[in-house]
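Student: Per Swiss-Prot, the features are:
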BINDING   D11, K33, 60-69, T120, R181, Q190, 210-211  substrate binding site
ACT_SITE  K62  active site, proton donor
Amino acid sequence: MNNKPIVVALDFDDKNAALQLIDRLDPQMCRLKVGKEMFTLFGPELVKDIHSRDFDLFLDLKFHDIPNTVAKAVTAAAELGVWMTNIHATGGLAMMEAAKKALVPYGKDAPLLIAVTVLTSMSDEDLKLIGIDVPAFEHVQRLARLTQQAGLDGVVCSAHEAQLLKSSLGESFKLVTPGIRPAGADKGDQHRVMTPPQAIEAGSDYLVIGRPITKAADPLAALTAIHQSLSIPG
């Protein structure tokens with residue numbers, strides 16, 4: 001297990017509130033994730049504010065477009081200096097290969113590039129409604145194999161898929177898992193959830209955790225408790 005597996009998901013419509021929360025966290029204990037809402041509201045300046053506080057950033061914009069457009073988008077993310085960014089595996093092999101190729105000039109400074117498989121909010125019935133008549137797990141496996149074929153660094157997946165994906169795709173293929181809730185926490189709108197220790201045991205490399213930390217009375221204490229549950233020193 002890496003020593004900084006926790007990625008705190010920021011979901012704020014108030015920049016000052018977000019920065020106040022960030023200032024209560026420790027960059028040695030977690031990374032941060034910014035998604036579509038916050039990036040649309042606050043743009044690249046928010047990324048700079050986060051970097052100035054020494055946090056690694058996962059820019060979670062889930063690019064999905066024609067290959068050339070997605071290649072340019074991930075290049076823009078690399079120029080911002082983010083630690084990780086993502087694209088939709090359903091964009092296809094050519095799109096994913098173009099995105100990966102666009103990051104080659106950045107060498108070791110390139111962000112990790114991962115693909116979204118099946119959103120953790122989607123059930124088998126939800127998939128059927130959009131014409132995918134296989135169980136979520138089977139569809140995740142198919143998309144994950146395609147992602148690895150394209151040369152990407154890993155996928156976003158439910159912790160329930162992690163064990164088989166890790167065993168079939170290898171230790172170096174990173175698994176980023178949302179839908180993580182500490183024991184006793186509300187599941188919210190996530191259908192397929194696990195606790196942090198369960199997810200790590202299953203093979204997840206990075207755990208995306210939002211409200212259990214960001215809405216806690218003491219966010220740093222909540223983060224520390226999760227660290228302790230994972231037996232992470234520090």
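Note that Cβ sites are derived from N, Cα and C of the backbone, with glycine treated the same way.
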Student: When neighbour density is defined as the number of other C-beta atoms within 10 angstroms of a residue's C-beta, which of the binding-site residues D11, G210 has the lowest density?
Tutor: D11
Student: Reported as an integer number of Å, what is the Cα distance between the residue listed as 'active site, proton donor' and T120 (substrate binding site)?
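Tutor: Cα-Cα distance, the residue listed as 'active site, proton donor' to T120 (substrate binding site): 14 Å.
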Student: Once the DSSP letters are reduced so that anything not helix or strand counts as coil, what is T120 (substrate binding site)?
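Tutor: Coil, per DSSP.
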Student: Are there any residues in the same chain, six or more apart in sequence, whose C-beta is under 8 angstroms from the C-beta of L61 (substrate binding site), and if so which?
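Tutor: For L61 (substrate binding site), the qualifying residues are G35, K36, F39, A73, A77, T85, N86.
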Student: Name the residues of the same chain, 6+ apart in sequence, whose Cβ is under 8 Å from the Cβ of H64 (substrate binding site)?
Tutor: V70, I87, H88, T90, G91, M95
Student: Just counting, how many other CB atoms are there within 10 A of the CB of K62 (active site, proton donor)?
Tutor: 16
Student: Does DSSP give L61 (substrate binding site) helix, strand or coil?
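Tutor: In the DSSP reduction, L61 (substrate binding site) maps to strand.
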Student: Give the residue from the binding-site residues P67, T120 that has the most other Cβ atoms within 10 Å of its Cβ, counting over every protein chain displayed.
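Tutor: Comparing the binding-site residues P67, T120, the most crowded Cβ belongs to T120.
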